[in-house]
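Chemist: To start, I am sharing the structure in question, which I have written as structure tokens.
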Amino acid sequence: MFPYPQLNFPPVYPTNPMAYRDPNPPRCRWRPFRPPLAAQIEDLRRSIANLTFKQRSPNPPPGPPPKKKKSAPKPKPTQPKKKKQQAKKTKRKPKPGKRQRMCMKLESDKTFPIMLNGQVNGYACVVGGRLMKPLHVEGKIDNEQLAAVKLKKASMYDLEYGDVPQNMKSDTLQYTSDKPPGFYNWHHGAVQYENGRFTVPRGVGGKGDSGRPILDNRGRVVAIVLGGANEGTRTALSVVTWNQKGVTIKDTPEGSEPWSLVTALCVLSNVTFPCDKPPVCYSLAPERTLDVLEENVDNPNYDTLLENVLKCPSRRPKRSITDDFTLTSPYLGFCPYCRHSAPCFSPIKIENVWDESDDGSIRIQVSAQFGYNQAGTADVTKFRYMSFDHDHDIKEDSMDKIAISTSGPCRRLGHKGYFLLAQCPPGDSVTVSITSGASENSCTVEKKIRRKFVGREEYLFPPVHGKLVKCHVYDHLKETSAGYITMHRPGPHAYKSYLEEASGEVYIKPPSGKNVTYECKCGDYSTGIVSTRTKMNGCTKAKQCIAYKSDQTKWVFNSPDLIRHTDHSVQGKLHIPFRLTPTVCPVPLAHTPTVTKWFKGITLHLTATRPTLLTTRKLGLRADATAEWITGTTSRNFSVGREGLEYVWGNHEPVRVWAQESAPGDPHGWPHEIIIHYYHRHPVYTVIVLCGVALAILVGTASSAACIAKARRDCLTPYALAPNATVPTALAVLCCIRPTNAETFGETLNHLWFNNQPFLWAQLCIPLAALVILFRCFSCCMPFLLVAGVCLGKVDAFEHATTVPNVPGIPYKALVERAGYAPLNLEITVVSSELTPSTNKEYVTCRFHTVIPSPQVKCCGSLECKASSKADYTCRVFGGVYPFMWGGAQCFCDSENTQLSEAYVEFAPDCTIDHAVALKVHTAALKVGLRIVYGNTTAHLDTFVNGVTPGSSRDLKVIAGPISAAFSPFDHKVVIRKGLVYNYDFPEYGAMKPGAFGDIQASSLDATDIVARTDIRLLKPSVKNIHVPYTQAVSGYEMWKNNSGRPLQETAPFGCKIEVEPLRASNCAYGHIPISIDIPDAAFVRSSESPTILEVSCTVADCIYSADFGGSLTLQYKADREGHCPVHSHSTTAVLKEATTHVTAVGSITLHFSTSSPQANFIVSLCGKKTTCNAECKPPADHIIGEPHKVDQEFQAAVSKTSWNWLLALFGGASSLIVVGLIVLVCSSMLINTRR
């Protein structure tokens, strides 16, 4: 496939005539020099030609095209020239895009729209004699014959299909399973197919394109589009394709949405309308617009409705000066500290402060509004606030008058609506102030702003150059959404400025052009609405009346300092700007540590100009993880074993090191050198052996001395040498023993014939019975052997079974020997491994946000709580609040007033980034990536290690597992937070505990099934001002974050790398994997076609036992022909670096090997001919290296031959002393007894 230009469909109206275009445009090539005057004349001629022939006619007005005037007939002589030109054009090659246009015509003829409510909801196409329609697309096919076809549902593929009528079967599209990477044809342009996925540029295609086919250049259907998912700059398509067998396959990228054009409907007074076309707009009917938004606040398309009610239709387009915060109004709120002194009602009350960003920036919500002028239109240089003076009008001022501070001044980064974004120094409080002339309004709240840093090194300021790590910061764009804040219509609030007391009379004085509602109790209760200065009859004191105005065209924030309007519930919501978004942040890199290597250990010399974290873990079964923050210059010692050690210094990458069996002394030297060497390598065993040798020598010496002393004592005793000696008793006893000999076979049969004939015949039947049983076994097995012999000739693969260590990167080498064939070298390497457990998502938890709605206050009456589905919803009614007039609610009654206080919790706005997922972990499945080299062929494959599931690569078939040891770094319960995994025994779903992990739970972040228990307790309000006091437990999520310990990424054993999405442990080095391989016959070479080695001998030139290939050997050989031979080490003591080599008739080859033993005696084969190599290896010079050992150390090779000789000599000497003593003792005893 190849790219092609996007198609242009014929316009509704004729386009302007194209300008003249030279078919052979001038190019930058060498031309002969022309005089300047000739060049100027030529340029002038070209300019006149451009003005004459390249003029475009003006755009035609909308409507039917104007009639063309009849042009005069052109002279006849010009016609032949036109024909000539036309003939020349026909001789040219077809212009590019012709096949694409043909495909598009096929697509338009064989694709039929699906209509729903008069709109195209999707498409159906006829492919291979069948009608195919996406299952999620509702409506009727716009074709009478196809609309009558009965369709069958295939929900697995999101399709409906049926046979097309007989008269249409010959006129359908054909499908194909051939999809080479490249570009394909679609209705909206080119579709790229790469890595098994169809993608288009983002913004191409969308709702209503479901069911459109993707065609190749021959007009065959490659796929049918069902939907798509945005992935950055491109959109991945969800499609239905076919495989080589014609079976349907559905390929759905993660996060894809179906592309059916379903019109989103909203409701207004039981009448539905499209959400993108509301019947009202805010500029024309503000109160009605708020009614529409409140009625559809829970509609999934609320954001679409909110966006469109701000756009009023007009005859000409103009820049919009309204946005979502135009619907709102600033307000006065109760601030605990005004100007760092007493509490007050402040025009810039701080409602919330968020400090979840990793770069130290904070997001503040206040009662003023930023980016708007006094009228409420957008103006980035202004802000507006509610004045506390007189009539509480809304005023505006310059954004330069806004100041934010903590322990020092803050830098403002952005603003929108009620929200500010600022960069602040650390502090214990946050202050926002308005400086206007000599007056200043400020509000201070207690909030600890900590110094933030990312990574493993603390820093005050991010570096200019460093390492980039993942972090989360507040997005400076105002259009991003971090969630919603709830809004409501403001309730009535009385102002004293609306009352005037003069000469014992009371007047209602509304602002100019405003209506004011009054309530008076001057004997009788009276109420009304006035717009001009009005006298209240019978009233003598201003405190007998209250006057207020209620604006139902604006929303205010759902603040606990405001009374909720009695006619409206809390239903509005607006977006919170400055979303917390993932990005990368620069972090510093500490000085690289200096490493000193010693025997089985390292010393890290560290220099840190700032607090830097050092973590370590062992790569064996016991991780023994450590963590330490280091400042200044220091050194740390760590022991390193054969299993390895991993350390991470600051923001540097992890470093893994392994110990070599290096030690002073010489395992092949003198006894003192041998003792020094083995004492450093194996101190305990060396001490035990030395103690045993010393004890043997001591026992031998003592025994020999005792025997000699006893013999001397016996010989020198006078009475023991008496005359008339007799024969010793021991010799006399030997004379009493009768000589015996066994009877022959003939004598035995003769004895049985004359004495016991039945037993004779029984003895003769035993061999006969054995022969009968053997022949019967052969007769039973003969059919199986015959079948096996027949099938043996038909087998096309040779099965080889072996066991491979599950250590990524360490190859396992074997030699496959098959009768009649030359040996085949086999190398198996575990390239990667993934231990993926099956998980069950229990719930999602994060920091909760407590919502305190504006209270409901009823003067001279009572209220009742109602049930609610909100999480941890608490409601209480308090009586006797805000007594007669001087209370915050300004009620006329004394003790009959009531307040309904509510509280509930929800997920914090930044939970989309900072949250934890609680998972239950079950059985894990191990999947390994293998690299198998047999002969000259290399194969890569992935297979599950379960002993059942086969893996294949071309002609190679592999069955792996089950693994020798069951292991998983995950406990039964794990918690995932920001990509880090913790083993944590979290509470079950629904078993919430206040102040503990899981105090707020939900199935997902956007779910509505939130449950919580945070111990909210509502308190009775004081009488001074409207408020909702409460107490609550601390966030359990924040407590867990501060005490969660270290993640599994730093503490997992066996060097596992823990990853998420999905949860898995990668490259864990543990256990052994049994593997059965079916090697194809083509890989083997018959013995008659390969060289035969006649003689071979091995000489070891040099040997250093280490993790590297420190040994070198030479094979002297004689062969019958020239060719290639496999070489292999048949012992686990050593492994060869080379797998094959070239041999001649007579010659030698040099090979390299790796061993971990001082005495490496191993068998090497060349083309199947074996020989033994004896290597006395020296210890390596490097104590610590950066790669693991390739072979393990064995006991028989751990002790050198020289050491065995010295050890046996010592034991032999000790035993010789004992033997000498015993000989002396026996000789003396015999002498004494003889003389007696």
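One is the number of the first residue shown, and numbering goes on along the chain from there.
From the backbone N, Cα and C atoms, a Cβ is placed for every residue, glycine too.
Annotation comment: Swiss-Prot describes Cys266-Cys275, Cys335-Cys443, Cys338-Cys344, Cys410-Cys424, Cys522-Cys539, Cys846-Cys911, Cys859-Cys891, Cys865-Cys875, Cys1056-Cys1068, Cys1098-Cys1173, Cys1103-Cys1177, Cys1125-Cys1167 (among others) as disulfide bond. Feature annotation from Swiss-Prot assigns N-linked glycosylation site to Asn270, Asn515, Asn637, Asn936, Asn1042, Asn1067. Marked as phosphoserine by Swiss-Prot: Ser108. Residues or ranges marked as phosphothreonine in Swiss-Prot: Thr111. If you look up Swiss-Prot, you'll see 1-36 marked as region 'Necessary for nucleocapsid assembly and virus assembly', on the strength of similarity to another entry. Look at Swiss-Prot and you will find 37-70 tagged as region 'Host transcription inhibition', backed by similarity to another entry. Annotation comment: Swiss-Prot describes 44-103 as region 'Disordered'. As annotated by Swiss-Prot, region 'Binding to the viral RNA' applies to 83-111, with the evidence given as similarity to another entry. For 96-110, the entry in Swiss-Prot reads region 'Ribosome-binding'. Annotation source Swiss-Prot lists region 'Interaction with spike glycoprotein E2' at 152-157, 244-248, citing similarity to another entry. Marked as region 'Interaction with the capsid protein' by Swiss-Prot on the basis of similarity to another entry: 710-714. Taken from Swiss-Prot, the feature region 'Transient transmembrane before p62-6K protein processing' applies to 717-737, supported by sequence analysis. Sequence annotations record features per position, and here Swiss-Prot assigns region 'E1 fusion peptide loop' to 881-898 based on similarity to another entry. For 67-70, the entry in Swiss-Prot reads motif 'Nuclear localization signal', with the evidence type similarity to another entry. Summarising the annotation, Swiss-Prot assigns topological domain 'Extracellular' to 260-687, 743-767, 810-1205 and lists sequence analysis as the type of evidence.
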Chemist: Taking the Cβ of Cys1167 (disulfide bond) as the reference point, list residues of the same chain whose Cβ is under 8 angstroms away and which are at least six residues distant in sequence.
Modeler: Ala822, Pro823, Ser1090, Pro1091, Thr1092, Ile1093, Ala1119, Cys1125, Pro1126, Val1143
Chemist: Counting all other Cβ atoms within 10 Å across every protein chain shown, which of the disulfide-bonded residues Cys443, Cys865 scores highest?
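Modeler: Selected residue: Cys443.
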Chemist: If one looks at the chain holding Asn1067 (N-linked glycosylation site), which residues at least 6 apart in sequence have a CB under 8 angstroms from its CB?
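Modeler: Within the chain, Asn1067 (N-linked glycosylation site) has Cβ neighbours under 8 Å at Pro808, Ser832, Ser833, Gly1055, Cys1056, Lys1057.
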Chemist: Note the mean pLDDT of the topological domain 'Extracellular' (743-767), expressed as a whole number.
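Modeler: The answer is 73, the mean pLDDT of the model over that range.
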Chemist: Tally the residues of the region 'Interaction with spike glycoprotein E2' (152-157) by DSSP class, grouping H, G and I as helix, E and B as strand, and everything else as coil.
Modeler: 0 helix, 3 strand, 3 coil
Chemist: How long is the line from the C-alpha of Cys266 (disulfide bond) to the C-alpha of Cys911 (disulfide bond), rounded to the nearest angstrom?
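Modeler: So the alpha carbons of Cys266 (disulfide bond) and Cys911 (disulfide bond) sit roughly 29 Å from each other.
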Chemist: Which of these disulfide-bonded residues has the least crowded Cβ, counting other Cβ atoms within 10 Å: Cys539, Cys859, Cys1177?
Modeler: Cys859
Chemist: Determine the minimum-neighbour residue: among Asn270, Asn515, listed as glycosylation sites, which Cβ has the fewest other Cβ atoms within 10 angstroms?
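Modeler: Among the glycosylation sites Asn270, Asn515, the sparsest Cβ neighbourhood within 10 Å belongs to Asn270.
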Chemist: Just to be sure I understand the packing, how many Cβ atoms besides its own are within 10 Å of the Cβ of Cys846 (disulfide bond)?
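Modeler: Around Cys846 (disulfide bond), other Cβ atoms within 10 Å: 24.
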Chemist: Hey, of Asn515, Cys539, Cys1068, which of those recorded positions are within 10 Å of Cys335 (disulfide bond), Cα to Cα?
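Modeler: Neighbours among recorded positions: none.
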Chemist: Measuring Cα to Cα, tell me the gap between Cys424 (disulfide bond) and Cys443 (disulfide bond) in whole angstrom.
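Modeler: Cα-Cα distance, Cys424 (disulfide bond) to Cys443 (disulfide bond): 16 Å.
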Chemist: Considering only the recorded positions Asn270, Asn515, Asn1042, Cys1098, which residue has the minimal Cα-Cα separation from Cys846 (disulfide bond)?
Modeler: Asn1042
Chemist: Which site among Ser108, Thr111, Asn637, Asn936, Asn1042 has the most other CB atoms no more than 10 Å from its CB, taking these as recorded positions?
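Modeler: Per the Cβ count within 10 Å, the most buried is Thr111.
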Chemist: Measuring Cα to Cα, tell me the gap between Cys859 (disulfide bond) and Cys865 (disulfide bond) in whole angstrom.
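Modeler: Per the Cα atoms, Cys859 (disulfide bond) and Cys865 (disulfide bond) stand 16 Å apart.
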Chemist: Relative to the Cα of Cys865 (disulfide bond), which of the disulfide-bonded residues Cys344, Cys410, Cys443, Cys522 has the closest Cα?
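Modeler: Given the candidates Cys344, Cys410, Cys443, Cys522, the nearest one is Cys344.
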Chemist: Which residue counts does DSSP give the topological domain 'Extracellular' (743-767) for helix, strand and coil?
Modeler: 22 helix, 0 strand, 3 coil
Chemist: Counting across all protein chains shown, how many other Cβ atoms sit within 10 Å of the Cβ of Cys911 (disulfide bond)?
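Modeler: So the Cβ neighbour count for Cys911 (disulfide bond) comes to 24.
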Chemist: Could you give the residue numbers and ranges of same-chain residues that sit at least 6 residues beyond the topological domain 'Extracellular' (743-767) on either side and whose C-beta is under 8 angstroms from one of its C-beta atoms?
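Modeler: Sequence-remote neighbours of the topological domain 'Extracellular' (743-767) do not exist; the answer is none.
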Chemist: Just to verify a number: CA distance, Asn637 (N-linked glycosylation site) to Cys891 (disulfide bond), in angstrom, no decimals.
Modeler: 76
Chemist: Could you check what DSSP calls the residue listed as 'phosphothreonine' once collapsed to helix, strand or coil?
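Modeler: The residue listed as 'phosphothreonine' sits in a strand per DSSP.
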